[in-house]
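Copied over from Swiss-Prot, here are the features:
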ACT_SITE  Lys166  active site, proton acceptor
ACT_SITE  His287  active site, proton acceptor
BINDING   Asn111, Lys168, Arg288, His321, Ser368  substrate binding site
MOD_RES   Lys191  N6-carboxylysine
SITE      Lys329  site 'Transition state stabilizer'
Amino acid sequence: MDQSARYADLSLKEEDLIAGGKHILVAYKMKPKAGHGYLEASAHFAAESSTGTNVEVSTTDDFTKGVDALVYYIDEATEDMRIAYPMDLFDRNVTDGRMMLVSVLTLIIGNNQGMGDIEHAKIHDIYFPERAIQLFDGPSKDISDMWRILGRPIENGGYIAGTIIKPKLGLRPEPFAAAAYQFWLGGDFIKNDEPQGNQVFCPLKKVLPLVYDSMKRAQDETGQAKLFSMNITADDHYEMMARADFGLETFGPDADKLAFLVDGFVGGPGMITTARRQYPNQYLHYHRAGHGMITSPSAKRGYTAFVLAKISRLQGASGIHVGTMGYGKMEGEGDDRNIAYMIERDEAQGPVYFQKWYGMKPTTPIISGGMNALRLPGFFENLGHGNVINTAGGGSYGHIDSPAAGAISLKQAYECWKAGADPIEFAKEHKEFARAFESFPKDADAIFPGWREKLGVHK
């Protein structure tokens with residue numbers, strides 16, 4: 001059934017829809033299956049994503065038609081399809097009238113992903129009007145709170161050198177806490193790796209007090225504050241809160257130095273919102289493990305990493321992993337810096353839409369995945385700043401001297417870039433950075449050919 005007369009209006013202008021402020025706009029890359037017209041398939045897609053089905057129903061009235069999603073732009077050659085969703089379509093909380101991301105996702109990326117006449121459809125950008133921004137929580141804490149704890153300026157406080165305890169699984173409580181202490185002697189921030197929680201060989205109630213003891217000893221020894229991101233992910237929200245409450249009790253007077261890590265992609269929006277609302281005084285660390293199944297450029301369905309990061313800010317993530325923009329081991333490219341710009345700025349241009357955030361707090365880009373001191377100067381040059389959290393596991397624990405030296409080498413890499421210095425020349429005056437060349441020789445060969453002769457390592 002051709003529903004384009006009802007669910008498509010190509011006379012609508014995008015600028016008018018944005019100015020009206022009553023629609024969430026979604027840009028897809030969509031391809032119909034063979035034998036289906038592009039406009040017809042687009043209209044069916046909009047119908048299935050809002051008020052319609054595959055047949056006319058007798059219960060539809062004029063009000064219902066007033067909240068139809070409308071296709072307002074198509075370009076079959078580029079597979080571009082854009083749909084305007086009226087704000088009134090989306091579910092609101094009974095308790096406070098606020099919007100919920102599960103409702104948004106259910107419509108814009110729900111049943112339409114399994115339609116018989118659609119070959120594939122993937123969201124590449126989404127626009128939220130001011131009213132929608134107001135109806136989501138947004139972050140309660142941001143990187144400025146981390147800088148304050150670390151004793152830095154709360155504007156442009158710079159690079160936060162972090163790590164992930166490695167190996168990711170298999171350490172018992174005492175070795176785990178010892179690994180944390182070794183890094184904190186040089187670094188700022190440690191996160192649980194996403195599988196770490198309450199394994200039988202490393203019970204949470206045994207390991208966490210030891211980690212806090214490591215933090216206190218490192219703080220006493222260095223005279224500097226330290227930060228820990230604790231994984232509270234669980235199937236059950238009450239289990240999440242039990243873990244979080246134990247963390248706050250354990251860290252006591254240092255509870256402000258405790259962030260909560262949530263596996264938001266596998267756990268779902270409810271897990272992020274629970275953490276955001278129940279613990280507004282903690283930095284909410286959004287880990288996105290599993291996202292690649294839909295965000296990968298090779299995937300034709302779902303949504304992109306850009307869209308994932310954007311909706312994480314709406315939900316209230318203080319920070320989210322954004323990959324390494326082609327400088328680490330994960331999928332990515334230099335243009336992924338636009339992901340960071342979208343979540344850290346008050347307004348930014350996306351692939352399709354220019355988004356204003358109307359004062360919503362920023363979400364920190366968290367950089368991880370195969371990074372070390374040698375890769376960082378190029379990364380910072382591409383991004384244009386160093387106001388990020390970087391969790392370098394191998395880049396710290398793989399340093400030839402010690403995890404603390406690995407942490408120091410990361411900080412020195414930032415200072416090298418910030419000073420505009422030549423990394424080889426900078427290494428001659430900074431031992432830990434220089435030893436990173438010997439620690440990661442394959443990277444050194446690829447990024448800095450001839451480094452052995454220049455640093456005298458061949459002698």
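Including glycine, each Cβ sits where the backbone N, Cα and C put it.
Recorded features from Swiss-Prot, shown on the structure.
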residue: Asn111; record: substrate binding site; CB count, 10 Å: 12
residue: Lys166; record: active site, proton acceptor; CB count, 10 Å: 18
residue: Lys168; record: substrate binding site; CB count, 10 Å: 13
residue: Lys191; record: N6-carboxylysine; CB count, 10 Å: 26
residue: His287; record: active site, proton acceptor; CB count, 10 Å: 27
residue: Arg288; record: substrate binding site; CB count, 10 Å: 22
residue: His321; record: substrate binding site; CB count, 10 Å: 28
residue: Lys329; record: site 'Transition state stabilizer'; CB count, 10 Å: 13
residue: Ser368; record: substrate binding site; CB count, 10 Å: 24
Query: Lys329 (site 'Transition state stabilizer'): which of the binding-site residues Lys168, His321, Ser368 have a C-alpha within 10 angstroms of it?
result: Ser368
Message: Return only the integer: C-alpha distance in Å from Lys168 (substrate binding site) to Lys191 (N6-carboxylysine).
response: 11
Statement: Quick note, Arg288 (substrate binding site) and Lys191 (N6-carboxylysine): C-alpha atoms separated, nearest Å, by 14
In three-state DSSP terms, the structure that Ser368 (substrate binding site) belongs to: strand
Message: Between the Cα atoms of His287 (active site, proton acceptor) and Asn111 (substrate binding site), what distance do you get, rounded to the nearest Å?
response: 26
Diameter of the substrate binding set by C-alpha atoms, the set being Asn111, Lys168, Arg288, His321, Ser368, in angstrom: 36
- prompt: Rounded to the nearest angstrom, how far is the Cα of Lys166 (active site, proton acceptor) from the Cα of Ser368 (substrate binding site)?
  reply: 13
